[in-house]
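Trainee: Structure below; questions to follow.
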Amino acid sequence: LILGYIFPLPYSLSQAKDLWYKVKPCGRLVRPVAPTRIPGRYLSHQEGLPKLPVPSLQQTCERYLATLEPIVDEEELSHTKELLAEFQKAGGVGERLQKGLERRARKTENWLSDWWLTTAYLDYRMPVVVHSSPGVVLPRLEFSDRQGQMRFAAKLIAGVLDFKTMIDNETLPVEYLGGKQLCMNQYYQVLSSCRVPGLKRDSVVNHAHRSRPPTHITVVHNFQFFVLDVYNSDGTPLTVDQLYMQLEKVWSSSLQTNKEPIGILTSNQRNSWGKAYNNLIKDKTNKDSVRAIQKSIFTVCLDAPMPCVSDELYHSRAAVQMLHGGGSRWNSGNRWFDKTLQFIIGEDGSCGLMYEHAPAEGPPIVSLIDHVVEKKSEMVRTPMVPLPMPQKLRFNITPEIKKDIEKAKQNMNIMVHDLDVKVIVFSHFGKNVPKTHKMSPDAFIQMGLQLAYYRMYQRCCATYESASLRMFKLGRTDTIRSCSIDSANFVKAMDDPAKQKIEKVTLLEKAVKAHRAYTDMAIHGQAIDRHLLGLKLQAIEDLTSMPEIFMDTSYAVANHYNLSTSQVPAKTDCVMCFGPVAPDGYGVCYNPMAEHINFAVSAFNSCNETNATHMAQRLEEALLDMRMLLESTPKAKL
């Protein structure tokens, strides 16, 4: 099993949007004279959070078998039952590993979080581009020139700095799910942080908590990086007007289009980039420039226009721009892919961001987006205080670095040609229809995905949906396994002419309820996947032989996610997108709005069996057929 197949894809409180609300802190938000922290608020909140539990061994083994039933054959299932019986014997290997995990849980703040960061991200050696980092497509902007691009960029920067003030002051509204406080730690990891490549394992640096935190962002235009200080000498943030003037200076200082795209190095396979990185920073000028990017609060990418497409294809084209930049001929060199937050603004009105996944899941990113979009930063005339010229970062390109850049370009272009992304706005209905039938919108959509996949391949597959563990201190994610015995019964019955409509509705209701139950189990720390991973990692740490259940075919099948999915709800009419996690799989992300749903579906062109456009069409058909089934069966009381 490649561990990369089990890393979390983004990342939301998908499953319980209806339960989610925010409680604002008392008192008025005060803009600080200089970035300061009000001590105690964040820490006192965090200290009150419960620890992530270790589920019982018997419970996980029973639930694991149930999730295998629809995706493995009877012979494999029978073999796995025998292995699990052996694993659970009193005094056996399973009990020993369970006790080790329970000891770890007692000694640490979160028994999973460090392991997860390392296993799912820092040890993962595929490029972060496509394989790990999600993109977000924001609504298209009404401009098509550089002045519009600069104006919007200035307003966006001001909005992010306003959000940063809440982080710095620890006045961010504490979030709740089902009446329980959520861990806010991830909000403190996304600004002034960056991934750093290693030869075998990466690391993440966070400069926000230093005694002198960064006061600059990086701006990249025509592959050239600039340091832009975003605070005045008295600690106040620059106004939108000041930011606009500074961005104009950046633009006019980077008109050359023949510069080496140094940023494309960050798109390479991690071991290759780690080797090239060590070579790059041998030179002091290069090292200082790289450090300036890593320390920056975030990065703004001022992109050149992408190839024109029809309005129908615009969102799909914008999605690939956010995911990888379109290739070395377009904007892929206009990035530093290791940077946690990169806002992307095209001269043609395209807009969005991408984020490096190691420090956080989607909710902090989406909250930031919603804040920036809702905040109407105005172009206010400000006193003409002379501002320093943004500093261009210099790189000395040796023949060896030039060779690394060329190789990275080739690899990037291969990834670009291989990734197929289809974004659709499903306009027939949104959350309103499932709610009318007293169904969870997320569970309804997930059943639509199960039906679409079954219609395409006449089989069920292992399906990953991200569940938030933020009810617990330092919680990240676990897996909602959307493919269940109940979902399999529903999808097999849906197109069976021998089945009555009322029976199909009953099966759909049962499948939706099963999904809701699994979701509830997952967000309360009782799902199976992270527990099984913990037992496996405990065996590695104990230097014992690997238990047979982890060498079993069933375990490989269970972790080969042909459907990797996530609901990322936002107030903003946007959609997140990410690549598949299996070579023959799909990545599906969605944002359900009141009366429409934004979907992004991805697949690899190198796999003959997958097609993002076909999957998107089948998904539309499945959702419409499910609505028709419910509406044409009046006796159904769900």
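Each Cβ is built from the backbone N, Cα and C atoms, and glycine gets one as well.
For His357, the entry in TrEMBL reads active site, proton acceptor. The feature CoA binding site is assigned by TrEMBL to Lys431, Lys435, Thr436, His437, Lys438, Met439, Ser440, Pro441, Asp442, Ser468, Arg516, Gln567. For Tyr464, Ser466, Thr477, the entry in TrEMBL reads (R)-carnitine binding site. The domain 'Choline/carnitine acyltransferase' annotation in TrEMBL covers 52-621.
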Trainee: Over all pairs in Tyr464, Ser466, Thr477, the listed (R)-carnitine binding residues, work out the largest Cα-Cα distance in Å.
Mentor: 11
Trainee: Across all chains shown, how many C-beta atoms besides its own are within 10 angstroms of the C-beta of Arg516 (CoA binding site)?
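Mentor: Arg516 (CoA binding site): 17 neighbouring Cβ atoms within 10 Å.
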Trainee: Lys431 (CoA binding site): which of the recorded positions His357, Tyr464, Thr477 is the nearest Cα neighbour?
Mentor: Tyr464
Trainee: How long is the line from the C-alpha of Arg516 (CoA binding site) to the C-alpha of His357 (active site, proton acceptor), rounded to the nearest angstrom?
Mentor: 26
Trainee: Using all protein chains in view, find how many other C-beta atoms are within 10 Å of the C-beta of Ser440 (CoA binding site).
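Mentor: A count of 21.
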Trainee: How many Å separate the Cα atoms of His357 (active site, proton acceptor) and Thr477 ((R)-carnitine binding site)?
Mentor: 12
Trainee: Please report the distance from the Cα of Lys438 (CoA binding site) to the Cα of Ser466 ((R)-carnitine binding site), rounded to the nearest angstrom.
Mentor: 23
Trainee: Cβ atoms within 10 Å, counted per site: which of His357, Lys431, Lys438 has the most, among these recorded positions?
Mentor: His357
Trainee: Inside 10 Å of the Cβ of Thr436 (CoA binding site), count up the other Cβ atoms and send me the figure.
Mentor: 13
Trainee: When a 10 Å sphere is centred on the Cβ of Ser466 ((R)-carnitine binding site), how many other Cβ atoms does it contain?
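Mentor: Result for Ser466 ((R)-carnitine binding site): 27 neighbouring Cβ atoms inside 10 Å.
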